[in-house]
Structures are given as structure tokens and as C-alpha cells.
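Novice: Below is one structure. I have some questions about it.
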């Protein structure tokens, strides 16, 4: 479907050096360095700012004096959030939902992608079409809600882990990978008497460790970060994932803000550190694994683009 | 079989469920509604002034997002491509991809902190001698905040495909251009940009495909009744109609309308692109 010609990456990617760099070019290089430094600073600033706020004394935040460095170093709020049993329950929910949803997604996506990668399969085009069409047209919020409710999935883990089990982009990435495996391997397996499932389990999957790792990360990060499905289908706070915990915290704050009035001002301000601390605690796991997972994501995106 | 069942139940059944846009629906009753009411709900929303307000907001926010979030990754990719020091380039890339991995709730929470009365933005405003502004409560600021945060979150990640496409441009083309006396600007204009045009077109079409759905989750997190005049979009309006006013059929009619426009846009963009530059999604 999506075809972006990336072809063979050449080694000398950058523009070959001209005979002599002109003065204009040197000025450009300097300006470029400044712009890119700006990009880095603007990208990182919000993170630093949130950490500084989370570690600061409330009074300094209210006074509008916290930017890069914490002022009036204070860990009370961390203790407060970490001793909130609901925070831990919700965090555990996030972990459970992510693990279960990723497992379901992986199984369904692998099976469908494997079937789609068989060129001789009858009706293959239609099966691809069924999936791709949903990328551009969907039933919409209301019919989905009505369906999930009538299936009795509301307020159960299934409402969170099932409805988004197959991501079509991921499906196409995986299909592209399976198509790149040599056909002879599977023919040999068939000659040796393995059936379709045997071939998939014993021959294809062991060769697909890299793509499976990529898929696990794609799905896990998106389920870890998701909030709306849980927000929509779960009513009991013991079932919430931590993203909904955070959303309720910030929604409470804006609610107080838009209500206005002096009386609410204190409540809003008291929430400032609380929000910052919760943001830091929910972002931490992502930041911790980010350096290790980033390259899998990049290669996954490229694979999807080269032949989708 | 199971995956096919997944698509049928969780993707195609809801599409069929859209018939409630034309039928009377009662909660707890049939998924497909009780009896036909024809185009009643369609006529209702077409005559609803709020609908046209949120329709306009959707177009404005969608256009602004497209205007900034589509070209900026190209610019950043071109700038990154000129960096000679490999490690520096990789560092900038790694940092710029980071926001992509955050939950939208975290992004919204960060936006709130930065734009709050005691946040960094207002500190700068005061530092320059101005008065603090409660940005998220001012309708005139919503679009700026929304688009900036969208750029912050997507620009780095958006460069990946362009950087990949840039590595495939034939060196000889640059050589030839230089011999013809083309400056670096002209080389960029005549060699680099045509080289990444297929990537640009594909991503443009995909961007147009999400035009109508404009960041529903982010708007839902960032807006409040004070900013409805600029922030409320079709998807958030139908969300409130459905879940706060329990007008399921009415909301479904609006949702169906939105989805159909979205589908039409992407198909049209695809055809135009195919005819004019020969790039298409399928």
C-alpha cells in the first residue's frame, strides 16, 4: 500500500564537499548549528522544568520562580503520591493492561500478517483490503461504545485490551517482513512434513525475533500511553490505568481554574507540585527504556515505509 | 480466523452500527436502534448553529496543523542532513524523537504547567513587562497552544522517513548540478526536494486523511468551556452530545458525517496526487 522509495542507503549520505566551501556556506553551517541547538533546548526544556517543579517547595512555584533548578528542595509531595494506594493500584493496572494487550495484539497480528504474506493465497487482496480500509474509515466513537457496552465488556479489562488489538500499520510492517523471508525455507519445511502451524512456529518465528521485538515495543508503548479507551469504558477508579489517574488530576485542576474565584486559587496552587510529581513518576519508565528502544522504533518505521 | 473476526466485530460491526444515525436509539435496546427516522438527525445537526461553529473550528485547527506539522519535519530533516558531525546529528535526532514516546496525557499536563499563571511562559511575559495571562482560559490562545504542542511532539519523529529518503538521492545528480554551476541553494531546490517528493506526497496524503479527526484526545484534555469558541471541534462536540447529553443517534449522525468527509478527502488527495505527480497510496 504505502510505497516510499527508500532503496539502498548509500554510505556517503551527505553532500560531497565542494572544491572550497564558500563563505556563505560557512555562515549557513553556523546558523544551522544554532537552530539545531535551539531545537534540542526547546525539546528538553519542558522535561527539566517539570522535574524542577516536582522537587520545589510550593511557595516558590506560586511565586513563579521555578524554571531550570528546583528551589526550596522538597520531597514531601513525592512521599504523598508514593503513599497513595490508588496511584499504585493504577500503576499496576497499567502494567497488567500493557502486558495482556501486547500479548493478544502480537498473536493476532502475527497470524494475520503471516496469512497475508502468502502470495498464492486466494482472496489475499481482499484480506489486505479489509484491513487497510479501516485505516481510513472507522465506525466512529458512538457505535463503538454501543458495541462494547452491549458485549458486556464495560468495566472489564477486555474493553481496554481487545478493541485496539490490531494496528494496521504494524500489521503491514510485519507482512512486509514475512514477505522478505526466502520462500525456499518454507518449501523445505513442507517437504519435511511440517504443516502450516509447524512451519510458522518452528521455522518462521525463530527467524523473526527482530521484528517480533519491534512489534512488542510498538504495541507496548502505545498501550502504556493510552488513556482514552480506559477513560471511556471504565467507571471504577480501582480499574484505571495511571494515565487516567493523571488525567483526573489535571482535569480537577482545570475544573477549579475555570470555575475561577479566589477561594479556588489555593486548591489550584496546591495541585501544581502534585501534578509535576505525578507527571515525573509516569514519565520515568518511558525515559528509562527510551535509549534502548529508540532504534527498534526507527527501523520498524522504515520497514513499514519501504514496502507496506 | 481470529484476526479476521477481530476486524469484522470491532471494525466493521461499528460501521454497520452507524445505522443508528438514521434510527431511534434507546440505551439498553438494540445496538442497531429501534425504528427508522430517516434523515431526521442529519437535518437536526445541519440546522444546529453549534455544529457549524465546531465544523469551522475543525477546519481551522486542521489547516493550521497541516500548515505547520507537515513542512517543519522536512525543514528539520534538510537541516539535519547538512550536519557533518555524525555524533552531533545522532544526538539531535535522539532528543527530537523523545516527545513521540510520551502519552498525550503527559503532554497535555506539561502544556498546562508551562502555560499556567506561575509557569515559564508567564514568567517570560512578566519579565518583558507584561501581565500574566491565563492562556488555557483564553479562546484566542488555544490554537497557538494546540499547534505549538503538536509541533513539539511530532516534528522530530516526522523527520525519520525524510532522512531515509535523503540518503537515496544519487550523488551524481549533485555532481552534475555543481558542474552546471548550481549553488547549494539551487542544488537543494532542484535535486534534493525532487528527490524526496514521493515521500512528501505520501505523508501529505496521510496527513490529509487525519485532517477531520484533528487531535481529538488532545483537545479533549486541553479545552474547557471558556475556550469552546475556538477549541471545540466536531469530535469533541459529538463526544459531549453522546456522553453528556445522551443523544446517541444525533452524535452518531455527526460522527458518520465526519468520517465520510475524512474518507472523501483522503481519496481525493490520492487521486490528485496520482494524476499530477504519479505518487499514490495504492
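Easy rule for this one: first residue shown is 1, then count along the chain.
Here the Cβ of each residue, glycine as well, is placed from N, Cα and C on the backbone.
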Novice: Between A:5-26, A:27-48, which stretch does TrEMBL give the note transmembrane segment?
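Specialist: Residues A:27-48 are the ones TrEMBL records as transmembrane segment.
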Novice: Have a look at A:157-178, A:179-200 and point to the one annotated transmembrane segment in TrEMBL.
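Specialist: Checking TrEMBL against the ranges A:157-178, A:179-200, the transmembrane segment one is A:157-178.
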Novice: Would you mind listing the long-range same-chain contacts of the transmembrane segment (A:127-151), meaning Cβ under 8 Å and 6+ residues beyond its ends?
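Specialist: Cβ under 8 Å, 6 or more out: 1, 112, 115-116, 121, 159, 163, 166, 168-169, 171-172, 175, 232-233.
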